[in-house]
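S.K.: Annotations per TrEMBL:
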- 1-33: region 'Disordered' (REGION)
- 15-29: compositional bias 'Low complexity' (COMPBIAS)
- 108-415: domain 'Phosphofructokinase' (DOMAIN)
- GLY114, ARG178, GLY179, GLY203, ASP204, GLY205, THR206: ATP binding site (BINDING)
- ASP204: Mg(2+) binding site (BINDING)
- GLY205: site 'Important for substrate specificity' (SITE)
- ASP234: active site, proton acceptor (ACT_SITE)
Amino acid sequence: MDPIPSTPGEDNPSHLHPTTPSTPSTITPVPLPHLSDHLSNLTHYPNPLDSNPNYHPSDGFYISPHDVIQSHILHDLSAGAAEAASLAYHRAGPRRQIHFQPSEVVAAIVTCGGLCPGLNTVIRELVVGLWELYGVRRIYGVTAGYRGFYDGEAPVKLDPKMVHDWHKKGGTSLVTSRGGFNLGRIVDAIVDRGFNQIYVIGGDGTMRGAVKIFDEIRRRKLHVSITGIPKTVDNDIGVIDRSFGFQTAVEMAQQAINAAHVEAESAVNGIGLVKLMGRSTGHIALFATLCNRDVDCCLIPEDPFYLYGEGGLFEFLYKCLKQNGHAVIVVAEGAGQDMIPRSPAQKEERDESGNPVFLDVGPWLKSELKRWWDRDHAGELFTVKYIDPTYMIRAVPANAMDSLYCTLVAHSAIHGVMAGYTGFVSGPINGNYAYIPVQEVAEAKSVVNTKDHTWAWVRSVTSQPDFGKN
């Protein structure tokens, strides 16, 4: 592929500035890192999609640096309302010119952290996309997370034939691990193996690692582009609408809640207790509750609750039992952590990713329920059935909607990297795929707003107490 002349700033959105005459004063484009920020005399090539028989690029097919997506699309048009500036992210998609000669690309794909539905689908779509869209033939899978760059087995050569059915499998065929982040050794390995495109799939801790790798690549002035693909079944990564695997998790949680409901309904004074994933946020518990409609109480980290006294959990459950004969509770794993007794050592304990180690709220709450009943209602029949479907949910393949998401986010990442962008994340913002600086994603959190309509909807469905008010 022959290089072509370039226009300064044509492919680098960082040249855009809020004061650009064509940019409305209320829209502020977020600068997006590009290889040209730390490298000079980059070569441009025509996009091979021009000659791809499956594509027929026409006007508007290629995305320009001026195409942006607003972070906020709701506006107050009332008289006198102040018009706040709106951040805008650069739209994801293919660019007319690329900065990598496909025959010279050596791509590395790595999965880090815990499992999530859709991991194998993302890997598959990255491999097939690089191969079919851009003609890249040297694609490698780094095994065992970040430590796989410098320790253990050599990277695995990947091609469409090898990964053709990976989307049907749960987990990650590349194997994953937590921790193992050694910046110097990772970047040295990237250089030694000749990788010039790095695709990192993981959660917020993994994204923080990607930020450090990106900074070190810039410091060394390497012709290497790195992109992150956010992976968190908890859906706790900020900026983007949601992360892949979340919809599958909500769907799979229905089986556990339905089972808990059957168990509770089939017993005298029966309670079905289901623990769902959600360390710092209760998105899965919230949406699983809304989808199911048989849940009597949804407990999440963002809404602290208490057990005894007026307006407490136990008073509410007793009313449910007297009225309906049974009750179903859904609790997120991060809920109630401040009430679970723990030693000073346990308070300081961290996992390999640096996250606080949570105590298991499910068995604790089950024990507290039995203690309450034995104390206040001795002699009366009472049953608690506890279900923890965590690993059943994490290990399944992505459902149809998450599979589609995985394809779109993988192809978006490929288009961005081939265009020379680096240090970014692909993801949907208000339904449109965008490029977001990885540092912003690593720092942002998506939490449940207990003051908005969605949480009010949960309380209207469950009729549970307003613990905060009480």
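One is the number of the first residue shown, and numbering goes on along the chain from there.
Any Cβ shown, glycine's included, is placed from N, Cα and C.
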S.K.: Given ARG178 (ATP binding site) and ASP234 (active site, proton acceptor), what distance in Å do their CA atoms have, once rounded to a whole number?
M.R.: 17
S.K.: Which whole-number value in Å describes the distance between the Cα atoms of ASP204 (ATP binding site) and the residue listed as 'active site, proton acceptor'?
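M.R.: Cα to Cα, ASP204 (ATP binding site) and the residue listed as 'active site, proton acceptor' are separated by 11 Å.
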S.K.: So among GLY114, GLY179, THR206, all listed as binding-site residues, which is physically nearest to ASP234 (active site, proton acceptor)? Use the C-alpha atoms.
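M.R.: Ranked by Cα distance from ASP234 (active site, proton acceptor), first place goes to GLY114.
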S.K.: State, in Å as a whole number, the widest CA to CA span among the ATP-binding residues GLY114, ARG178, GLY179, GLY203, ASP204, GLY205, THR206 given in the record.
M.R.: 12
S.K.: Return the residue, from the listed recorded positions ASP204, ASP234, with the maximum count of other C-beta atoms within 10 angstroms of its C-beta.
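M.R.: Per the Cβ count within 10 Å, the most buried is ASP234.
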S.K.: Looking only at the domain 'Phosphofructokinase' (108-415), report the model's average pLDDT.
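M.R.: Overall, the domain 'Phosphofructokinase' (108-415) comes to a mean pLDDT of 95.
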S.K.: So how many other Cβ atoms are close to GLY179 (ATP binding site), meaning within 10 Å of its Cβ?
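M.R.: The Cβ of GLY179 (ATP binding site) has 16 Cβ neighbours within 10 Å.
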S.K.: Over all shown protein chains, what is the count of other CB atoms within 10 A of the CB belonging to GLY203 (ATP binding site)?
M.R.: 24
S.K.: Find, among the binding-site residues listed as GLY114, ARG178, GLY205, THR206, the one whose Cβ has the highest number of other Cβ atoms within 10 Å in the structure shown.
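M.R.: For the binding-site residues GLY114, ARG178, GLY205, THR206, the Cβ with the most other Cβ atoms within 10 Å is THR206.
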